[in-house]
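The next block holds one structure in the form of structure tokens; read it before the comments.
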């Protein structure tokens, strides 16, 4: 292991060797190769970054908004120039195929583009006359030092929900990326610095519990953005809120897709395969459950099984591969345990992904479990893997009732050409992001990523106008200016 590179934290514009003696291997999940080692940094290092970020905030928040926006525009241009390199880094450490990685890079770039609109986004509003000689104006100001805690499954897109917008609006930022996918962030830091970002405005501290607790407890940090699992998200929200911080925690999901009798069969199967098994199912917008009307179920499921069995599995860097590995061996074992639990509880395993025939890497193939009921573990829990549960229903109303029983409410989709059915679905389903005749209803950067129920803890969501509100304070100034002496 002597020749394995050890990553460093990025504090005050410099790569700084961690003071910890604990490092974890960063593994290519497709091959098992150790790519580098990431430090499990100490609380003291997080606290140091907070002091630096606070000092940088004092200057950065005073930089004119158009000048801040120009740094973001430069960053966006550099990201475009390095798109392929960034995509390959994502595939190398995360495992998703190159096409998906390129799509993720593009989504990240779009978030930076949105953040570059800070001069417009920072605008307040005013009323010229609220009483005789009295006017009022509403101004936005940055909140201060912001902390971000990002997951492994979208190492570029999710952090780019966070730090570009926060920084464009005048805040400084400390990011804890996932220790499983840290290499991509190294490159983003390099490009952001090249774009002209001053030292200390953006800091990266790798780590685990101590760093997370530091972000949640350090008084310098005023707001925290989190994306990850429900248990951790609950902890982040409760702990951060108890320490008087603004917190947004985007957590788990169990997204349902409804297939009605009039759906275009071929198009629906293609979309469900992509939504359920793309990115190895490791995304909070994955299709986890299909509820299909009985009249079309046999035909639909026969086509779905055939398509699932024909999915090409392998290293995401190889041509033609659709399904890459899950992130770690423990995730692979956990997924297999869920599949076996489903069979034990009475589900019918019609496509079995437990054995892929690949000798290395952490792979689970497309898996379909049918005859699933809402009391089964595989229906209740977020599995976060390429495992799809299927429930037959009599009609749309039953499908909506089934979906609404879930504790999660991130996304939901419907496949139909019936306008009345679409309207019923829109009005009655409990979910924050809906798709009509598409499989993954992830919104663009200028709309909020708006999960409901146990999929989100907080008030203001990520992205869109919500993110502007989250990263800014408002001041309302009421002023009296008498016109005495200027009368005609």
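Backbone N, Cα and C define each Cβ position, glycine as well.
Annotated NAD(+) binding in Swiss-Prot involves 150, 152, 176, 179, 180, 229, 251 plus, out of the candidates 33, 370, 382, the residue 382. Cβ environment of residue 179 (NAD(+) binding site): 24, 26, 38, 40, 206, 207, 208 lie under 8 Å away, each six or more residues apart in the same chain.
Around the Cβ of residue 180 (NAD(+) binding site), the number of neighbouring Cβ atoms within 10 Å comes to 20. Secondary structure at residue 229 (NAD(+) binding site), taken from DSSP and collapsed to helix, strand or coil, is coil.
Between residue 229 (NAD(+) binding site) and residue 284 (active site, nucleophile), the C-alpha separation comes to 9 Å. Residue 284 (active site, nucleophile) sits 19 Å from residue 176 (NAD(+) binding site), taking the C-alpha atoms as the reference points.
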